[in-house]
Each structure stands twice: as C-alpha cells, then as structure tokens.
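Working notes for the structure below.
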Amino acid sequence: MVPPAHLIISLLYLLRDFADVKCQQWLNNPDVDRHIQLGRELLTQGLYDDALSHYHAAVEVDPYNYLTYYTRATVYLAIGKIASAIKDLSKVIELKPDFSAARLQRGNILFKQGKLDEAHIDYENVLRIDPMNQDAHHGYTLIDPIKRDIQLAYAMVADHSYHEALEILTRLLQEMPWDAKLREMRAQCYEALGDLMSAITDLRGILKSQTDSQLRYLKLSELYYEIGDTEESLNAIRECLRFDPDHKGCFTHYKYVKKIAAHLKAIDDFMNEGNYVDCAARAEKAIPLETKVHRIMYMLRAKHCKCLNKAQKFNEAVIACTDALKIDPDDLHVLCERGDAHIGNENYDDAIHDFQKASSINDHSQRAHDGLRQAQKLQKQAKKRNYYAILGVKRTATKREVLKAYRKLAQKWHPDNFQGDEKATAEKKFIDIAAAKEVLTDPEKRQKFDSGEDPLDPESQQGGFNPFQHGFHPFDRGGDDQDWKEDNEGYYFVFVEDFEFQ
C-alpha cells in the first residue's frame, strides 16, 4: 500500500521537528540511533516496510524510549495501520504522560474512528497541558454537533429517508473517515438507492482495516453478485471462509455463486471456441437457476441470445433476445443482436426498428449504424430479386444446399420442358435460377448480396447478367468436363442421376 503523499510529508516534517530531541535521547545508544537513521532514509525512498523493520529493531534495543514508539506510530499511521498506531501512541503516553503531541495524535485518530468519548478525554488532557492548542480545541468543539448529526442520520435511515441520510453521513465521514459504523450505514443507503458500486466502495473501505468481519464479506459478495461480477463475488466470499470455514451463510452463498460462475465461464468458453450450439445449450440450462437477481438473469439471457444468433437459430434467438430485453429494454448490444436475428429471418422492418432504437441510445455505436444500413439495404433489395427466395433456401444455406436446390429447380424450369408462351416464362425463370446459383456459390458475390448489394444488378454493375457469357454453364457445379454435353440450341444437359430430361 502506498500512503497518501500528504501523510508522508507530514511524517518527514515530524521527524525533522523531533531531530534535536532524538539526538539527545538516542545518542546514548548507538544501536538505536543507527536504526532510526536507517529508518528515516528508507522512508524518504518510499520503502515503508523496510523502514518499519528498523523501527521494530530500535524498540527491541530500547523498549523504554517513548520517542521511538512515537516515530513508529507515525509511520504506522502513514501506511494505514491504524490499530498499530494507536497501540504505540498509548505506549508513549504510558511512558511519558505529559507528552501532549502523542495525546493529540491519538485523540485525532480516535475522533476519525468515531470514538468521540475517548477522543474527548484526550483533547481535554491536551488542553490541560496546553490550553492554547488550536488543534485540540477544534476537535473538542466539534464533538457535540457531530453527535447530534449522528443521531439525526440514524433517524433518517430508520425513516427510510435515504437521500437525506446520505447527505448527513457523507458530511460526517469527511470528519470521521475511519468510522466503520457510519460508512456501513452509508453503504446501506447507497444500496437502498440502487447505487451498488458506491455501496461496494464503502464496504471495501471498511474491510481494509477490519479484515476479520465475516458478515461484511458476505454482504460484499452479495453486492458483487447483484451487479453480475461473479468472480469478485467469489473472491469476497472466500475471504469470509478463510476466517471461518464453517460459516453457514458464507458457505451456502459460496456454493451458489460458484455454480452460476461455472455456467457463465462455460458459456463464454464455448463462445470463444466457436461452439455455438453447446454455448446456447449451456445458457438454456443455466437460465432457470437464477430467478431473483435481475443482473444475472439478464446476463444469462443475453448470452443465450448471442449464442443462438451465432448458431443461426434466428427464431429462437429473437425469443431469447426479447426475454433479455424484458429485463433491460435499453441494452444496445442485445438490441443489435435481435436486429441481426431479424435480418436472419428476413424481417427487415423489425430489424430496422431495433437498430434505430440502438442508435438512439448511443449515437456513436458503429454496430448500430452498420446494422441499420444493412437492414435498410436488404429491405430495399427484397423488393427486387432475392436469390435466396428464387432457390427457396435460407440465408444460412450451405453451398451444397444451394446446389441441390439449384439442380432441382433447373431441371423443373429447363426451357426444353416447355412449348410456346410457357417456354418464354421458363427461360426467364431459368435465367433467374442460374443467376441465383452464380451469386450464392461465389463467396465474394454472396457476401456483397448479404450486405444489401446485388452483384448482378445492372444499376450497380457494368452490364447485366448473362448466364451464358464467358462460357457460363448454368448447371456447372465444379465437376469434370465429362459430366456435361451441349446440344444444338445452346442448353446444357448433365448425365447424372439428378436429371432425367425427356
């Protein structure tokens, strides 16, 4: 722990002020003087633990030198070891009762801890010795007004007037920052008002100096769980069990959080591995386990939504995303996930609505803007030629599925199967089918089409699509040349089992 700079500066000034006295006291004992000098040098270098080791040695050499205890107490105070500082200051007062600096220092510490009656006694003793001591007088006159404010704060909390109580407690804690009861009361107010992070900050502040408080660790763990931080929740509850392995409340909470944390980790691991089916299954399994803590309920549903989207199970993804949005209607990421799922289902109006709402929540979200543009392009595209619809396949269809649908439709609409006016209609359909096959089996063209751009649209491409240009074979599926034969009219027949033309 690095102590605040102002405390170290105060400490160094204190060491300077007592330098002459130290020389008189310590020069009679060279070992004490050596440890004190080394301790001072280490302090200036910021090596506080090493400095303390020399002060410990000085105390062992001369356990009756009150100035050694006083200096060590000041170092303890600078690095936040308050209990040790009070213990050394009490030893100083025991060895030299008229040393008012030690009484004032202890009184100030007790005051900051909220131990006002004990601080009152120390201030009175200082003022008896030094009636003009301004620091002691200031602390002494603050005690009664502060006691009245404390009573008022308790009354406000009892009346559930948390905003008013918070204002009073914050003012009190500026004077008494080490008062654990007041800080815990303020944490209670923050929690009641929904400011869980501030409540966590106050509890952590208490536990820095009071590490053996099992109930506070339990409360800290519960608060971390409330905000969805299962790892910190586990860290806090393990501290409780470290002090008391048999603590029933801590152990029960530990088992519960550990189970949820394991599910969340497994979901994330499956997601990172690209195993979206197992990712969705694990999320679905975990969802019923949490029915009270909204943040965890939301997290599980949001992850379920994303897993299903990645697994291209768009209908289920829309349902999962909607369940998550019932808990947090304004979550940008889930709105975008549901927008993507709507695109997967070709429900472009719904997708546009979700991306527009996401953009209104965060106008700087690139994902929301990109999703909105894509949905609008696809909506416009849907009014034109839809290659997926032509072949009757989903947007998630594999190349093999595209070719299978293509062969079936090409056989059905082959112009040789029709006569007269019907042949002209068949030729048009045959060209559309061939165009769909060209786009959906070419990764680059398909990507353009999925982004809302028709790679064969004459408006955006030079020239129109000609299924027979550049030696194009409408039945070409990357097979050997021996599979194909051209007839006199320019149509192609395939000698495979899939086609039996009459």
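Note: Cβ is positioned from N, Cα and C throughout, glycine not excepted.
TrEMBL lists 1-23 with the feature signal peptide.
According to TrEMBL, the feature repeat 'TPR' maps to 32-65 (among others).
Residues annotated as repeat 'TPR' in TrEMBL: 66-99 (among others).
Annotation source TrEMBL lists repeat 'TPR' at 100-133 (among others). If one looks beyond the repeat 'TPR' (100-133) by at least 6 residues along the same chain, the residues whose Cβ comes under 8 Å of a Cβ in the stretch are 66, 70, 73-74, 77, 82, 85-86, 89-90, 92-93, 139-140, 142-143, 146-147, 175-182.
Packing against the repeat 'TPR' (214-247) from elsewhere in the chain are residues 184, 187, 191, 196-197, 199-200, 203-204, 206-207, 253-254, 257-258, 260-261, 264, 293, 295-296, 298-299: each is 6 or more residues past its ends and has a CB under 8 Å from a CB in it. If you look up TrEMBL, you'll see 214-247 (among others) marked as repeat 'TPR'.
Within the chain carrying the repeat 'TPR' (332-365), a Cβ under 8 angstroms from the stretch's Cβ atoms is held by residues 302, 305-306, 308-309, 312, 314-315, 317-318, 321-322, 324-325, 371-372, 374-376, 378-379, 382, 388, 395-396, all 6 or more beyond its ends. Annotation comment: TrEMBL describes 332-365 (among others) as repeat 'TPR'.
The domain 'J' annotation in TrEMBL covers 386-453.
Under the heading compositional bias 'Basic and acidic residues', TrEMBL lists 442-451. Within the chain carrying the compositional bias 'Basic and acidic residues' (442-451), a Cβ under 8 angstroms from the stretch's Cβ atoms is held by residues 374, 377, 381, 387, 395, all 6 or more beyond its ends.
What TrEMBL records for 442-481 is region 'Disordered'.
Helix, strand and coil counts from DSSP across the repeat 'TPR' (214-247) read 27 helix, 0 strand, 7 coil. Broken down with DSSP, the repeat 'TPR' (66-99) shows 27 helix, 0 strand, 7 coil.
According to DSSP, the repeat 'TPR' (100-133) comprises 27 helix, 0 strand, 7 coil. The DSSP breakdown of the domain 'J' (386-453) into helical (H, G, I), extended (E, B) and coil residues amounts to 52 helix, 0 strand, 16 coil. As a whole-number mean, the pLDDT of the repeat 'TPR' (214-247) in this prediction is 96.
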